[in-house]
């Protein structure tokens, strides 16, 4: 999800650059090569795309000799023909385009020639021309302004000219402080230098002098880049009120909603942009991305498809659609999009990385590693920031080699967490640059190990087919009905198979059978139960390191691993957790009252009354500053988790942090710190519950009492409660935990019928629920447990049917869409 959002911002910045360089420094007419660079086939198309481009610039000229449909006269308005330049200068005067004109007609004609030279791209000649005029009159404002514009145009190619441009524009403002165009021009020089606050001040001054749709749109774009999305949205709205037919402004307004997590509002706004311009590719692309973030795969596909119908070579739409298909589990289709993307843009790192990842996920290691190696060749230049793909690709290549070498080794005979080097795992889990001392690379691909071949669903026996269809159904029950979570058929099948395998392993354990784990045959422990789900989660998506944090190097474990989630950063809201904001706010209020009751009992009533008026997390910070002098830029609140093993004892839960100096510049985050001490505390709790669970499970095998099954279910959910609060995995803790819940519950003779309610997340439910008992009651209310049908017991053994990485990948690759009955 995070990689997709970055693409939207980059596309906006690219579009802004295109508009700025044309709108504010445009030549008399836009040259054909400039149009083609921006994907426009004609001037009229560009003007429709970037509304007001023609009307806003003083350099834009209407040439009556150049009529639509004519050929030679319009091929190039300018040449080095002096007569033509003079004619255009006169036309410039007639149309009253000269800024700061004077009473002397001859001087105005000379000024016009200078502006025509700028429009022709002859910046050095324009500078010389204006300099000659200034020798005669050093305070000729229009000549100072023209020379500043010429330097500004040069600054886009050579940044040292920016200072000269700013010097000239500063002089103009000193002489003529009430011309909005000059402030706008200066803002245009300042913004590429990163001096955004100064540029915004200039645009605000220009708006104060003479508001226009263009100025509001310009300022809104800079506010957007500054991540002040609320103010940006207001500016785009102001721009649209002054001039309705602006598809670009409407698109930007939609993007402000998108980045604030207001997806439904974004979707409606993108649709409004499409009403203004029915063939607006960027609006379709953004609409597709908004639907994707909402988890609406079909609507997202339709939007991307419409963008590509308008332009089959639209690289961003191909890239985004390919990424969505990957995260939907449709890997073969994703590869097709990435291949097409690379045909058009061979050095596209995102498409190259995703192509390599997709091939490896499907077991096509030779193609996968070849693509990964190409990404590795794109090393950033000195001082240049490395791309996300470049940072990740070496980890992926090493892990791909490891998987390939173990493709035909029974999964029960090796251990990823022990085999991979400690520092490699540590750096990979933390997404650090691949700078690992004395690292010994994994062996290269071995020719005798062949790639995974496509497997036909019909090639499996009817019993295995039933197992696959059952897994698809069980996995779908784990799907979150929450914005930000796209349904992934591959993950569904993997975790459905994990559920059945957990059920079968628990059943064997409760029947006093042993299991084969990491090359040893022994009684199953709690970690073995979770490892079943971990192995399936790992193989479903090799991009993400699903690793046990307590298996990391001792030095890094002693420092702790922070599982950090930003809920609000500035104006960006994490939509995945929106449903929990109110309950977290209530929790924070409660902790504040407890704190003040202990340390400031006299002021407790006043604090309580102030908190009653707080309905948003953002409003807490000023209140805390008012009542607690220690609260300068923020405060933290810690949750506690009660022990079942030692009643009265509590463990550290998660930490809520709220920092910032004002609304809109706030960080509201949740994190768990997995230290060695905390891990031991939680694991002792889990081990105690698992021991009790095993005893109860064995008793259940000999009993028909319904109460026993309910007690077993409560123990399973209690165990997962502590697992989720510990967050012991680098990724995937939530789906791993729920597949274990479902499998263990099925082993007790119950079937999960219900789906996870809208807005609910298993891990956050555990983290925000005060006790394992209340978590169990709440989870059972949605699981809707029924008696397990007897045919579940006759399903083939998952461990024996899919014993190796190869067989696991084969079954995940298999298309069952036309074979498995759909269940409501």
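Numbers run from 1 along the shown chain.
Cβ atoms are placed via backbone N, Cα and C, with glycine included.
Remember, TrEMBL labels are computer predictions, not curated facts.
Computed from a predicted structure; not experimentally measured.
According to TrEMBL, the feature signal peptide maps to 1-18.
The repeat 'TPR' feature in TrEMBL is assigned to 213-246 (among others).
Taken from TrEMBL, the feature repeat 'TPR' covers 247-280 (among others).
The feature repeat 'TPR' is assigned by TrEMBL to 281-314 (among others). When the repeat 'TPR' (281-314) is classified with DSSP, helix, strand and coil residues number 28 helix, 0 strand, 6 coil.
Mean model confidence of the repeat 'TPR' (315-348) amounts to 97 (pLDDT, 0 to 100 scale). Look at TrEMBL and you will find 315-348 (among others) tagged as repeat 'TPR'.
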Checklist entry - Would you list the DSSP helix, strand and coil counts for the residues of the repeat 'TPR' (247-280)? => result 27 helix, 0 strand, 7 coil
Item to check | the repeat 'TPR' (315-348) - residue tally per DSSP class, helix then strand then coil | outcome: 27 helix, 0 strand, 7 coil
Item to check | DSSP-derived helix, strand and coil totals, residue by residue, for the repeat 'TPR' (213-246) | outcome: 27 helix, 0 strand, 7 coil
